[in-house]
Amino acid sequence: MYFFFFLVLFAQTLLCSSSPDFVARSPSSSQGTRRWYSVVPNNPEDDEVNTDIEKRLGAFADSGPHQNMEADRLVSWSIALTDEAKEEEIGHLDGVRLVETISARNAARNQAQSDPLQTRQEPEPEPEKYYNAAPVDPANKDELKKTRKFWEDIVLKPDWIDEFQIPDGDMLCWVWLTFDEEGLEKAKKYPGIRQVDESWKVSTLRDPDPPLRTRQEPPPQTRQEDPPLQTRQESETWYNASPIDPSNKDEVNQTRIFLDGIVKEPEIIDELQIPDGDMLMWGWLTFDEEGLEKAKKYPGIRQVDESMKSQTLRAPSMVPGETSSRLRRFLKAAQKVSHKVKRAVTWAKQINAPVDLRVISQPPDVPLDNLNDFVYEEKAGEGNNGEGIYIYVIDCGVNGEVFNNEKDQREFHKVEYRQTHKARLAGHPKFADSHPQSHGTAVASKAAGRKCGVAKKATIVSVMTEINNFDDLAFGFAQLMTDIAGDKNRLRKTVVVMSVAATLPFTREQATRLNVGSGLSACMTWAMKQGIPVVLASGNSRDGDKRRDIDLLPMVLESKEFPVINVGGVKYDGLPWEKSQGGDQVTIHAPADRVVVQHKEHGETGPESGTSFAAPAVAGVIANYMSRFPDIPWDDSKNGIEPSSWERVKGQKPKPVNVIWNGATEADHQAAQANWCGNKRGICNGPPQPPPPSPPPPPPSYKICNTLKDDKYITRDTLSRLAVENYCPEAANQFKKNDPGYANTFLTGTVEQIEFGLEWPPGKQPDEGACKKFMHEIIDGCDTDNKGLNWKGGGEFHDAEVKYRISPQGLRQKAMEHPWGGCDIKYSGDRDVFEVWGAGWLNSGFGDELNKALKRKGLSPGSWKFNYGRGDDGREWTATGTVTIFSEPRFEDVLVEVANYNGWGINCRYHH
């Protein structure tokens, strides 16, 4: 029985037609255009070899090579090439490990940071919003060129623009567009643009989903009405746009030229296009207001959408379709093959495996409590002749070199790396995991980890996307399509898994009307028609009876005509996990509660929850089947999924909850000599043990206050908000209860930089409520005699064996009872030049509130600069820039509004 339903899983490509190749085309990929490259040496310490490489690079390059140094150590060279053929030659030079494209902006930044004679500049802040845009006529090359030129004239960051286009075919869209208000309006009105969309943020399907963090976290993004916590706010909104006529190449080209002319950064526009087919979308569009309106009104653009944010998804059985006569003939032949395959299979065991893995190899009608080991095929994921099955993880990158917590064991058998244009521009190394909570590495480890994974010898292909923008997932799929187009041998050996989604809920109809929705649908359809299964996490947004059904993009696109595999979450016992979304669009279930995964840090293996980790388990099972049956392809249906599962708990309503199964029967467990109670090879219950001794009484609670004497302090409301909304939720959800504690830093780089810390004994991690309670013992129990601005200097609170800590880190002026500052305005031609400085206000937002208030007053701030730093005159920060002339009365009104303290303000000194 087991081998027969394995075959069903792959009995489908016979019914499908082929589809043309699909690739993403970088905006600067045309012949004759100068492109910048990063060249990485094999051994940065080998001066003799590197000197020879540098000489040879000089012979190739149109500009450079420029050394990029870190701590006086060579990291790479930046070079510019006009002839793309030279890139391959450079890649074959002895001593060169990697050659990859970078933006001109990043090349200049690398040079500036490496040159000791240049002033080190702060990294340019990420735009607040990215856009993508689609052409009116995706096939109109002349119009596309004009639109591309239009983008380059109006976007803020032309070197960031990427294009999605089919090779020698239609233009789909431009992405990574950044606009000011005027540019956005121009893009919306440009006649060659069908639609401009804002790019969405990405959400991993991991539960819980605390704010993204690193060891030293930048200030958290906060609600718009809460300026004190805003930090380095991105100044732009991204859009995407789609064409009126996706197959009209001339019109598409005209629209691209139009977009190039009105977006702020035409060089970062990306295009999403089917090979030899239609243009789907332009992405990463940035407009000012005028440009946005122009794009929306341009006759060649169907629609302009604002790009969306995304989320990670960390934190009933399908009825088989009608079997055609071709499929029945295929299954009959496959049954004969199964008898030969069966004799070749060797089963192995993973002793004392994580419970979630034991669920996957749990034979029907065998209690889970009887099982101690995970039983799997010894060559799981290995493929034919030692060639691996490829599991593409479209996420935020994977640390493929990470060691698990076994001695000297890397978690992954083999990892390949891909990266989108936007992820490169963001400065993420493609060999790493850019997600603070290790989402990409965790997802990959469940699919193919040596300790945590299902298909232990499969090859992970990490496709790193820019995790904060949903549009970039489509460009991640473009990386997959490029691989398949260039290597047809991967067609029957590839499965793709994605555990991220847009943050907003949609119906299927709403999702398909969006540029990015229709673009992703086209990409996934292409993949499925090539015989590539697409596995998605169902989502974690269920709240009791609210949002029970799938409502996140892209999984909400599922239908009979669009058969992606949506994976819902269950607990170990087979009952639904309470946060997992379901409904008719769910295909299968897998464990999502306390799933053991590998984090990106060496040795950090532990439990996580979320449908993020259910989906890769299913992808791993599919990879096993592909390695078992290399000659039986998968098609664009899901007929093979149901037989590879069984219902752990009978009679669930409204429909059965079938849980994935790798097919290991009782006989296979015995063949692997697995330890389980059923075959008497293990002991379920040992002899009675004496009761443990009573624990000693906890030590008494006490508090230590820092006071304000060290000139390190923060406003009370900001401190409380960080504890309640940011630190305590993430600290309580680390799921690493044997760790000694957890610390995180917020508002980095501001005068209110603050570190929260928790220390606890093993197994006694406090919950979120306790964290909030005792942090407020410090917040409201210390510095109680402050007046005016209610400063807090932090301290410690010891409750039994747990220590709570709040440590302000920004060195400030002496604490004052009210805001202080000054202002100079100088007339200069058609603009006023201003300098504003102060202390006690604009403490943690990098001046964003002031900048926005000046815009609201119609003062059109330009050349804006804001820096934190103490001055001898009492200042803690300085802001400079230009505004419209005769600004003094309105400027002073803005200062009163922003300071927001009993009408306090500044009389500016006006110099003519």
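Glycine is no exception: its Cβ is also placed from the backbone N, Cα and C atoms.
DSSP gives ASP395 (active site, charge relay system) a strand state. Look at TrEMBL and you will find ASP395 (among others) tagged as active site, charge relay system.
According to TrEMBL, the feature active site, charge relay system maps to HIS439 (among others). The local packing around HIS439 (active site, charge relay system), expressed as other Cβ atoms within 10 Å of its Cβ over all shown chains, amounts to 35.
The DSSP secondary structure for SER612 (active site, charge relay system) is helix. According to TrEMBL, the active site, charge relay system annotation covers SER612 (among others).
As annotated by TrEMBL, compositional bias 'Polar residues' applies to 108-120 (among others).
The annotation compositional bias 'Basic and acidic residues' is assigned in TrEMBL to 201-216.
If you look up TrEMBL, you'll see 230-240 (among others) marked as compositional bias 'Polar residues'.
For 687-701, the entry in TrEMBL reads compositional bias 'Pro residues'.
According to TrEMBL, the feature domain 'Peptidase S8/S53' maps to 386-641.
If you look up TrEMBL, you'll see 107-136 (among others) marked as region 'Disordered'.
If you look up TrEMBL, you'll see 201-251 (among others) marked as region 'Disordered'.
The feature region 'Disordered' is assigned by TrEMBL to 680-701 (among others).
Here TrEMBL flags 1-18 as signal peptide.
In the shown protein chains, 31 other C-beta atoms lie within 10 A of the C-beta of ASP395 (active site, charge relay system).
A separation of roughly 8 Å, to the nearest angstrom, links the Cα atoms of HIS439 (active site, charge relay system) and ASP395 (active site, charge relay system). In this structure, the C-alpha atom of SER612 (active site, charge relay system) lies 11 angstrom from that of ASP395 (active site, charge relay system).
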